[in-house]
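**Q** Handing you this structure, nothing more for now.
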Amino acid sequence: MQTLETPQTTSKPEFDTTIHRRKTRPVKVGDITIGGGFPVVVQSMINEDTLDIEGSVSAIRRLHEMGCEIVRVTVPSMAHAKALATIKEKLAQVYQPVPLVADVHHNGLKIALEVAKHVDKVRINPGLYVFEKPSPTRSEYTQAEFEEIGEKIRQTLEPLVISLRDQGKAMRIGVNHGSLAERMLFTYGDTPEGMVESALEFIRICESLDFYNIVISLKASRVPVMLAAYRLMVKRMDELGMDYPLHLGVTEAGDGEYGRIKSTAGIGTLLAEGIGDTIRVSLTEAPEKEIPVCYSILQALGLRKTMVEYVACPSCGRTLFNLEEVLHKVREATKHLTGLDIAVMGCIVNGPGEMADADYGYVGKQAGYISLYRGREEIKKVPEDQGVEELINLIKADGRWIDP
């Protein structure tokens, strides 16, 4: 599943139709690789209590079967951390090993050290890992105070970094705009710069211990903040000679149509710029509903092709058949033929030209009849009521049909 075609180039990259992804180091998470030119990885997170062993195993399996390649679980206590050992064991017994990430937050050193034994990656939040309760009377941090807390962070982070390094496992430094540490807020403000500096502080500690299996995220609930943070992170990493892969997401995107649009606006924009190595669409819905959105974003950008690509005009007064109904029938009949491009066009105006790149075309040319195309070549004209059946026969004749 993790294979890439040879990138195409033109003499003017700014007008290229191929997305040129930023070069990043490969980071292994179980049997999945993030970055390093591998396909963009799809992630999600279960919402079961990790102490519910059976429920967690079932939830992880459901996500993985839908195409979620890395699954995150929350680990708020030592009991939850130890439960991961059983979850991992049961997954292997009743299903198969699945790359797992533990989400560790407030003052989580002991929890992180325990759970690092049982998962493939540990996610920490720099704003909460060494949690300093905000003071209502404080208005600034002196340089000495800033550095004192920085040293405390180093002492607390080092044991986890050493553990992950020695086990060959990975870490995600996951900055959230809404949970920046107070000293970062006072020093840099509630800004993308504060998010980036927060991540860099943790990266430098990791690098000082020769640990480089790092993935970075800088999430925000507002798309413009999220975009600015990732772009600034890339700029700073380029300046510092860093090549860590990036995990993209809009946190707290909500639900329904708007939640999907909001996530796509953030994630899709960065991916189109070549930024991003793994994604999670965060919806206030069942986690399983996040996975199709992820793959749709990747397919739309040409980064991963995991379904049929349908090209269809929006319909107008020239349309010679019920376009919406026919598109539905074509989709239902062919949606399992991963890798094909199929065009459904209502009239000859938008027909051959607009669908030139499609493998097959279904075009209205005169009332009661449709024309079937292979690429740019018209193959036959058939009665409208036989159109879908004849399209299937054409695909079969070309040896490109597989039974659903």
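Quick reminder: no glycine exception, Cβ is built from N, Cα and C everywhere.
The [4Fe-4S] cluster binding site annotation in Swiss-Prot covers Cys313, Cys316, Cys347, Glu354 and is backed by sequence analysis.
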**Q** Mind telling me which of the binding-site residues Cys313, Cys316 has the densest Cβ neighbourhood, counting other Cβ atoms within 10 Å?
**A** Cys313
**Q** Restricting to the same chain and to sequence separations of six or more, state which residues have a Cβ under 8 Å from that of Cys347 ([4Fe-4S] cluster binding site).
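**A** Expected: Cys313, Cys316, Arg318, Thr319, Leu320, Val363, Gly364, Lys365.
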**Q** Please list, in sequence order, the residues in the chain of Glu354 ([4Fe-4S] cluster binding site) that are at least six apart in sequence and whose C-beta is under 8 Å away from its C-beta.
**A** Val311, Cys313, Ala343, Met345
